[in-house]
Amino acid sequence: ASDCMFGNGKGYRGKKATTVMGIPCQEWAAQEPHRHSIFTPETNPQAGLEKNYCRNPDGDVNGPWCYTMNQRKLFDYCDVPQCVSTSFDCGKPQVEPKKCPGRVVGGCVANPHSWPWQISLRTRYGKHFCGGTLISPEWVLTAAHCLERSSRPASYKVILGAHKEVNLESDVQEIEVYKLFLEPTRADIALLKLSSPAVITSKVIPACLPPPNYVVADRTLCYITGWGETQGTYGAGLLKEAQLPVIENKVCNRYEYLNGRVKSTELCAGNLAGGTDSCQGDSGGPLVCFEKDKYILQGVTSWGLGCARPNKPGVYVRVSRFVTWIEGIMRNN
């Protein structure tokens, strides 16, 4: 069942070794029947050009191919099926999260794929600049300020199922953005519709949305995740997590903390002693809280005063206040 591909199959590492016409593939390292100087294990060490398996080292839109054993046919495509979604419940990772306590300054590196709704929002050239959360196969929630650089969907792409920020694993999914939706009252929240649905796998699972207007109780322990490149605390490019308590708005708005700046459509979280904060996360990334048996997306990383400073908790968009808007956009688009 795993002998399938995502997208154009650039990351395909399966064992298919015949073309659509049934001709066996030539080994990538061999020079007969066809001599070739490009696409050998030496020229493309990252492309998985082992034995004579079908591969897509050049990202050909028609998918994986190989040089053939027929002297009259240099290369041909292979018939590799698209992977199909498995059904997993929202908010239930297939890998148990580490849940490292918030006393760890700056959080810790996450267990790979334990936060499977975390996405990386990238420029079209592949540079990571914001986080986001998969909330259904076709929809990602992020911060509106992440989309200030361009109003064109083509400027962005989404990477799903990643643990490393660079040197992406071969089975990550890379999907173009079809449309952007900014929240109409100018809240720092936005929806991205993907140009094709994500394939739901054990590494790519949506987070659950909260009930409308739900209020997370004071001192609930929640988790933020991200590659944390926002402030130069370099997590060696691996996904990080940090545990943070939610602070009720009444407390957060006290003079010694955020002094009345937090709106009812926002939520505070952080250790009032400082040390962990969404500098470790990413703008637009998730704040999730475990409830009963699943993780619920309660916050979108929005702003903070400085970074992990004492008495200055991070501020998140309160997702529950926008669930009605989110569900409406998803239903009508």
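Cβ from N, Cα, C; glycine included.
The annotation active site, charge relay system is assigned in Swiss-Prot to HIS145 (among others) on the grounds of similarity to another entry. Counted within 10 Å of its Cβ, the other Cβ atoms near HIS145 (active site, charge relay system) come to 15, all protein chains included.
Swiss-Prot lists ASP188 (among others) with the feature active site, charge relay system, giving similarity to another entry as the kind of evidence. The Cβ of ASP188 (active site, charge relay system) lies under 8 Å from the Cβ of ALA143, ALA144, HIS145, VAL300, SER302, TRP303, VAL317, each on the same chain and at least six residues away in sequence. Classification of ASP188 (active site, charge relay system) by DSSP places it in coil, neither helical nor stranded.
According to Swiss-Prot, the feature active site, charge relay system maps to SER283 (among others). The secondary structure of SER283 (active site, charge relay system), as reduced to three states from DSSP, is coil rather than helix or strand.
The DSSP secondary structure for CYS83 (disulfide bond) is coil. Taken from Swiss-Prot, the feature disulfide bond covers CYS4-CYS83 (among others).
Around the Cβ of CYS25 (disulfide bond), 24 further Cβ atoms fall within 10 Å across all displayed protein chains. The disulfide bond feature in Swiss-Prot is assigned to CYS25-CYS66 (among others).
Look at Swiss-Prot and you will find CYS54-CYS78 (among others) tagged as disulfide bond, backed by similarity to another entry. Within 10 Å of the C-beta atom of CYS54 (disulfide bond) sit 24 other C-beta atoms, taking all shown protein chains into account.
As annotated by Swiss-Prot, disulfide bond applies to CYS130-CYS146 (among others), with the evidence given as similarity to another entry. Sequence-distant contacts of CYS146 (disulfide bond), defined by Cβ-Cβ distance under 8 angstroms and a gap of at least six in the same chain, are LEU121, PHE129, CYS130, GLY132, ALA190, SER283, GLY284.
The number of other Cβ atoms within 10 Å of the Cβ belonging to CYS222 (disulfide bond), over all protein chains shown, comes to 24. A strand conformation is recorded for CYS222 (disulfide bond) in the three-state DSSP classification. The disulfide bond annotation in Swiss-Prot covers CYS222-CYS289 (among others).
Neighbours of CYS268 (disulfide bond), defined as other CB atoms within 10 A of its CB across all chains, total 27. Look at CYS268 (disulfide bond): DSSP puts it in a strand. The disulfide bond annotation in Swiss-Prot covers CYS252-CYS268 (among others), and the record cites similarity to another entry as its basis.
Summarising the annotation, Swiss-Prot assigns disulfide bond to CYS279-CYS307 (among others) and lists similarity to another entry as the type of evidence.
Positions annotated as domain 'Kringle 5' by Swiss-Prot, on the basis of sequence analysis: 4-83. In the predicted structure, the domain 'Kringle 5' (4-83) carries a mean pLDDT of 97.
Swiss-Prot lists 104-331 with the feature domain 'Peptidase S1', giving sequence analysis as the kind of evidence.
Reduced to three states, the DSSP call for ARG152 (site 'Interaction with streptokinase') is coil. Sequence annotations record features per position, and here Swiss-Prot assigns site 'Interaction with streptokinase' to ARG152 (among others) based on a curator's inference.
Marked as site 'Interaction with streptokinase' by Swiss-Prot: ARG186 (among others).
Swiss-Prot lists SER264 (among others) with the feature site 'Interaction with streptokinase'.
The site 'Site of substrate specificity' annotation in Swiss-Prot covers ASP277 and rests on similarity to another entry.
All protein chains considered, the CB of CYS289 (disulfide bond) has 21 other CB atoms within 10 Å.
Of all the recorded positions listed here (CYS66, ARG152, CYS252), CYS66 has the Cα closest to the Cα of CYS83 (disulfide bond). Within 10 Å of CYS78 (disulfide bond), counting CA to CA, the recorded positions CYS25, CYS66, SER264 contribute CYS25, CYS66. Separating the Cα atoms of ARG186 (site 'Interaction with streptokinase') and SER264 (site 'Interaction with streptokinase') is a whole-number distance of 14 Å. Of CYS4, CYS66, ARG152, CYS222, CYS289, all annotated as recorded positions, the residue with the shortest Cα distance to CYS268 (disulfide bond) is CYS222.
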